[in-house]
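Below: the structure, in structure tokens.
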Amino acid sequence: MTEIKSKIEIGWNFDNSYTRLPELFFTSVNPTPVSSPKLVILNYPLATSLGLNDKVLEKEDGVAIFAGNQIPLGALPIAQAYAGHQFGHFTMLGDGRAVLLGEQITPKGQRVDIQLKGSGKTPYSRGGDGRAALGPMLREYIISEAMHSLGIPTTRSLAVVTTGQRVIRETEQIGAVLTRVAASHIRVGTFQYASRWGSTKELKALADYTLERHFSHIDEDGNPYLALLREVIKGQAALIAKWQLVGFIHGVMNTDNMTISGETIDYGPCAFMDTYDPATVFSSIDINGRYAYGNQPKIAAWNLARFAETLLPLLHDNEDKAVSLAQDTISDFPQLYHNNWIAGMRAKLGIFNEEPEDESLIEELLSIMEKHGADYTNTFRALTFDSRSDMMLFDTTEFAKWHEQWQQRLDRQKESKASSHQLMRDSNPAIIPRNHRVEEALEAAVKYGDYSVMEKLLKALSCPYAHSPEQADYSTLPTKSDQPYRTFCGT
Ligand code: AMP
Ligand code: MG
């Protein structure tokens, strides 16, 4: 390891609370240095909000840190241990190609993980090379930042550097490291790991740590671990509803890819749905459609049940009582999810108040969209702007009938049509990271070293509710040759 930069110059303000957990939970390991790192993208606004000096970060010293060639002052690099159910099968995992540098305390006093992804082998690599390719890391950058701008809790992307080294996948690819920022990297799988391989004391240490780090504000009501379960369920219910409302498909909702903080994490074979169809699957490895769009809420509930199981020894000394407490709490998920979803759907349709028939109004629209293969995002955009001419769906008699009912529904509320229109503008994105546009940006960057397409896309994605003229270009649908779109695991 070469020279370490001073904390004042870059603004690092690390604490390493995770390293104060029992040793079971991590292994100290440095990133593996690379031959010739080069910065390809830096998230300037994010750097500033973290209290970091972007002028230094974009130069050699910053790039050396993003590549894992230097350790920032105050960082204590570790790989985190975790397990997980992958496509339903329980496995020991851990950070196989990531290193947590530490927790940056931001100028606003927030604690966020700074993690290098693709930074070399760790004790959890299980035969993998510990590395990442440029395409998937840029893909995570684009989609995570788009999610953030859409108002969806997510890990963020601070920078991507190329390593100067090749990684071997199906073909030889350009090696890269992504710097990821997260509220924390504690996963359902971290609890599963503690539950399977730790003592109750170690499990409790993790639960107490998580409570303090993420839920210190909540009313524990005498049983802090039940409160933990409740809060995680609440966070996931809100998160998954937000995914459904924008048509986001995670692709690998394994328990190791579900955070306790309620942030979206691990952008592998994820994608946004074009045509509305609940059975949509993009991931090439999801043969049975386990993680299809329409299944995401059910899978979230399944993952949360696995989380609840890990907490049983902490919930009550009596096992039966612990199980019944867990079951009662878990059974709230479908309703919580539904409340979030329907509130979001009402907003998408410009509805302010609640009527019992709203659900059937919404379902009716979705079923017409499904029947006619309508584009999910563009349908809501067209409804927002009453620009009905450009979609086949709108010529149908079913739609005309639905539209009349919807107008009557809007007339029954006291808010003006103008307020409804504003609510719809704020709730229906003009732009999502459509697969063919993401691929186009990645191809320019990876194949030709041209980052301008990606930068233009990122700019358009940064204000998804602006409905600006430049964004109109991004609402065009993929041609038939772009379909069916398939995504591959980000390895
Ligand atoms: P992911 O599909 O990115 O969620 O990763 C699942 C597990 O595989 C995690 O434990 C990763 O750390 C590990 N993993 C993925 N790619 C690699 C790699 N190239 N080398 C080592 N471990 C990896
Ligand atoms: Mg993962």
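Placed from the backbone N, Cα and C atoms, the Cβ positions cover glycine too.
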Checklist line | Which of Arg111, Arg187 belongs with Gly94, Gly96, Arg97, Lys117, Asp129, Gly130, Arg180, Asp266 in the ATP site listed by TrEMBL | finding: Arg187
Margin query: Among all protein chains shown, how many Cβ atoms are found within 10 Å of the Cβ of Asp266 (ATP binding site), not counting that one?
Written below: 24
Next item on the list: Measure between the Cα atoms of every pair in Gly94, Gly96, Arg97, Lys117, Asp129, Gly130, Arg180, Arg187, Asp266, the residues the record assigns to ATP, and report the largest value in Å, rounded to a whole number.
Entry: 23
Next item on the list: Could you tell me which three-state DSSP class Asp256 (active site, proton acceptor) falls into?
Entry: helix
Check: How big is the Cα-to-Cα gap, in Å, between Asp129 (ATP binding site) and Asn257 (Mg(2+) binding site)?
Finding: 20
Checklist line | Residue pair Arg97 (ATP binding site), Asn257 (Mg(2+) binding site) - Cα distance, angstrom, rounded | finding: 15
Margin query: Let me spell it out: for each of the recorded positions (Asp129, Asp256), count the other Cβ atoms within 10 Å of that residue's Cβ, using every protein chain shown. Which one has the most?
Written below: Asp256
Margin query: Through the lens of DSSP with three states only, how would you label Arg180 (ATP binding site)?
Written below: strand
